[in-house]
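Enquirer: OK, TrEMBL features for this one:
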type    : residues                      : note
BINDING : His99, His101, Glu105, His144 : Fe(2+) binding site
BINDING : His99, His101, Glu105, His144 : Ni(2+) binding site
Amino acid sequence: METEFQDGKQEVIETWYMDDSQEDQRLPHHREPKEFIPLEKLSELGIVSWRLNPDNWENDENLKKIREARGYSYMDICDVCPEKLPNYETKIKNFFEEHLHTDEEIRYCLEGSGYFDVRDENDQWIRVAVKKGGMIVLPAGMYHRFTLDTDNYIKAMRLFVGDPVWTPYNRPHDHLPERKEYLDKLVKTEGGNQAIEAR
């Protein structure tokens with residue numbers, strides 16, 4: 001399933017190493033010079049992603065296949081923008097606090113765009129820009145955060161196995177079993193794949 005629905009994915013999901021600037025979180029935060037990262041790097045970090053057709057998601061057989069194969073029984077849709085999200089400023093600040101979950105975080109961008117920031121194996125921030133049609137799964141135990149970009153709008157489908165639990169555990173929460181399991185998997189992946197990104 002991870003290798004299906006990949007055509008044109010790089011048009012809706014793009015990744016790069018972030019700078020350390022404290023400027024507005026919604027800016028791209030490229031390093032100088034820019035350091036783009038191949039999407040395979042996300043796979044090494046345990047992230048799964050696809051490109052789907054958001055204009056017909058209600059009848060999309062590919063989305064149905066993913067949901068059935070991965071057990072995503074719960075689904076809802078949320079609009080993140082100043083006009084539609086109650087307590088917008090507070091929520092956006094909370095989303096941008098570095099945290100992890102004890103379950104996967106699954107997001108499918110139906111409209112708009114946003115940034116998912118994740119840590120690589122060396123604790124460097126990678127910015128994952130997701131646009132309309134991009135679907136991304138962050139593994140349980142991975143530190144991450146979310147922000148809108150300067151367009152200030154995303155309509156995202158949230159999926160979950162069983163009843164949803166959205167509890168964020170802000171860093172540090174390294175004692176959680178899900179964090180330890182994630183790090184163990186990362187070490188195994190690295191052991192079998194010695195390609196280190198050129199800095």
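Cβ coordinates come from backbone N, Cα and C, glycine included.
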Enquirer: Sequence gap of 6 or more, C-beta under 8 Å: which same-chain residues meet both conditions with respect to His144 (Fe(2+) binding site)?
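Expert: Expected: Glu98, His99, Leu100, Glu105, Phe116, Asp117, Val118, Arg119, Leu138.
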Enquirer: Can you list the residues of the same chain, besides His99, His101, Glu105, His144, whose Cβ falls within 8 Å of the Fe(2+) site's Cβ centroid?
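Expert: Everything else in range on the chain: Leu100, Leu138, Met142, Tyr143, Arg145, Pro168.
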Enquirer: Take the Cβ of His101 (Fe(2+) binding site) and count every other Cβ within 10 Å, whichever protein chain it belongs to.
Expert: 20
Enquirer: Suppose we draw a 10 Å sphere around the Cβ of His99 (Fe(2+) binding site). How many other Cβ atoms does it contain, all chains included?
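Expert: Result for His99 (Fe(2+) binding site): 19 other Cβ atoms within 10 Å.
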Enquirer: Return the count of C-beta atoms lying within 10 angstroms of the C-beta of Glu105 (Fe(2+) binding site), excluding that atom itself.
Expert: 22
